[in-house]
Amino acid sequence: MGCRQSRHSRGKRAEKVEETQTELLEALDKEGRILEGRHEEAGQVPQTSNAQEKVSLSDCIQEAKASLQNTCASHVSPQEATQAKMNKVDGSILSRLYRNHIQDYGSPGPFWEQELESLHHVIEMKNERIHELEKQLFLLEMLKEKNLILALKNTTLRQEVEDLQFQAGNRLTMSRQLRKDLLQDLEKESQNGHCCSRRRSH
């Protein structure tokens, strides 16, 4: 209540200053017009002197107006500065009250509802991305298992090939040995046959 009354009284003082300024300006204009009319009605002063007095009177009126406006501005500016400070204080108080209201009642305004919707949309997009990454990870795990199975099969096949090569080498060695033995046996038989034929001839 005290803040409202002080703001109300300050507003009244500012309005009163503006009204006083307007009244003084109107009075100066009225006085200038009256003086000019008197000079024109008198008709006793030469034309040039009357024109000079009009110019001088107009300059005085303009100076008085400028001085009055500066004086009123000096009174209004502190009022505006004070009002700006009060608005700033009111804004901080309203912000704090709004935060407390949200904490107590959980009833956000349209702006925060839009922000929550945007946040919810972002969360949904992140969840979709996570699901996609999980699918990719699952496929990678399956490919990894398949690669392990293929690697085991490849190792088994290599072992079998090595065994077959070893067996083939052994058979080749055996066949060579058999051939060698056969040749030796044939040579022995042929030598024995020559010896027998010589004995018969003697």
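Note: Cβ is positioned from N, Cα and C throughout, glycine not excepted.
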- [ ] Look up SER67, SER92, SER118 in Swiss-Prot and give me whichever carries the note phosphoserine.
- [x] SER92
Open item on the list: On average, what pLDDT score does this prediction assign to the coiled coil (112-146)?
Closed with: 86
